[in-house]
Amino acid sequence: MKDNWMKYKDDSLVASFYDSQTTTFQEQGFETELAFGTAGIRGQFGLGPGRLNRYTIQRLALGIANYLKDKEDNPSIVIHYDIRHLSSEFAHIITQILTSKGIKVYLADVYKTTPQLSFAVRYLQTSAGIMITASHNPKDYNGIKVYGADGAQLDEDTSLEVAQYINNLGNPLELNIDLNQELIEKNTFDLQEAVYDSYINEITNLIGDIPQSDLKVVYTSLHGTGVPIIPDVLKHLNFQNVSLVELQCELDPNFSSVKSANPEEREAFDLAIQQAHDLEANLIIATDPDVDRMGFVERDTNGQTYYFGGSEIGALLIKYLLEYTNVPNHSVVIQSIVSGELGKRLAQQHEVTVKEVLIGFKHIAKAIRELDDTESFLFAYEESYGYLADDFVRDKDAIQIVPLIIKYTSILKNEGKTLHDALKEIHREVGQYRDKPMSKVFEGREGQQQINALMDKLRRNIPDVIAGLKVIAVEDYETLKRNYKEDNTEEAISLPQANVIRILFKEGFIALRPSGTEPKLKFYLSLNVDNFEQVSQDIYNYIFGDTE
């Protein structure tokens, strides 16, 4: 196989990446195959069916084209791409193949964000959408995310069907690619300015007026697509007291100034915080490269900083919506099953229904789609820094949330309060819930076997008490059963299957799941206990004690 691929190296678009890789890494590209799942495909550049290159992208595009042509008489699609290496090139390859098959393509003429893609699909009423991005992954990654007509990522069944169309094509080097220049020109359309304007209008209508205050904000796009759209939104809202971290607001597919362009990582804020100290700014905001996720840090008058966790941000946004907006009757908050107790209990305290879904925003989008006529969408979030305050987009949308948190902070500042003060108010109202995502890596060939064995062991035997906390129930999302410890009764869980175990206590929950991309077991805690750090460590020791 390798010899055959080497003949195509010069035209693969990835020769320079391949040449810089270790022999072991190069070989792995020929031994694996990119798998299309609910998040599309994501991978590293290189040669072979297991890497991103011209030929694996052509295969993907042809599979999607065949799927769309079989499903509709006149299919159409929107294609956006971010600033990563080869994003633009992949977008044009996909466009040429789809248009040559008679599919109408709205192609962005410049980099765009993921939320804009979701909005554009809905606004233009296309059959599907494609976003070329790898979100916050390292620089040598890229990916193709596929969206349905509702602007949400594909569900499980549709993803499996599209994957079958792709797999039916066989070897990426032996495809019948028939590009038709006449059809390419006929079926390729520029994105109208009206799409952008309508999206901005939706956000300004959502936010309303940002009150005048002496709030100072520092913003970093972490080298991604947040500029110019975030400053443009703030300009439309007449908020001017924002300072950009110029170095990090330069487009850079290498993300040169950060170890990880991920607002979950504290290190990503270092430059912005230094600028905030220099300017005596109050709020430091970062978005990830495709601007679907965001995080923020608050700086007090003494120069002390507080990093807000993903679930804390979700709870703060719920508090803002409850206190400063007109909340309709039968409002609904949607969150993932690992997104913490704080926001959930706050919403429930105010008679807002909370619906919990599996991890992944596609499940949130499905829950939005399934709301009945009596229910009103209020807010959705995941603990991994993804939020949605209005459903004109059906994926997480940091472009909505940045001005929303600025507005909330401005209101609080005029009241002599901070976001940290608001968080303390939530704690006083519903309890001192704290959240902590943890994980353990299992290296080597045996890693996955160890993870499976650990999950099996937990499924077979969970004690009545863990780290001094009485177990109320155990939820197994593989068997879709909830077992109550006290009377040993069971009830069904009405969610799709997933390899997740959640253990419920009066004080909160812990949850475990294997990572889908790494040899890692992820571990979530959300607990209201006095000695949180000690209890967290005791639970960790119980779960992983035999593997240390």
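Glycine is no exception: its Cβ is also placed from the backbone N, Cα and C atoms.
A quick note: this is a predicted structure, and the numbers were derived from the prediction, not measured.
Binding of Mg(2+) is attributed by Swiss-Prot to Asp288, Asp290, Asp292, and within the candidate set Ser127, Ser135, Ser159, Ser439 the record adds Ser135 to that site. Cβ atoms within 8 Å of the centroid of the Cβ atoms of Ser135, Asp288, Asp290, Asp292 (the Mg(2+) site) belong to the same-chain residues Asp82, Thr113, Thr114, Thr133, His136, Gly224, Thr287, Pro289, Val291, Arg293, Ala398, site residues excluded. The C-beta environment of Ser135 (Mg(2+) binding site), restricted to residues of the same chain at least 6 apart in sequence and closer than 8 Å, consists of Thr114, Gly143, Asp288, Pro289, Asp290, Asp292, Arg293.
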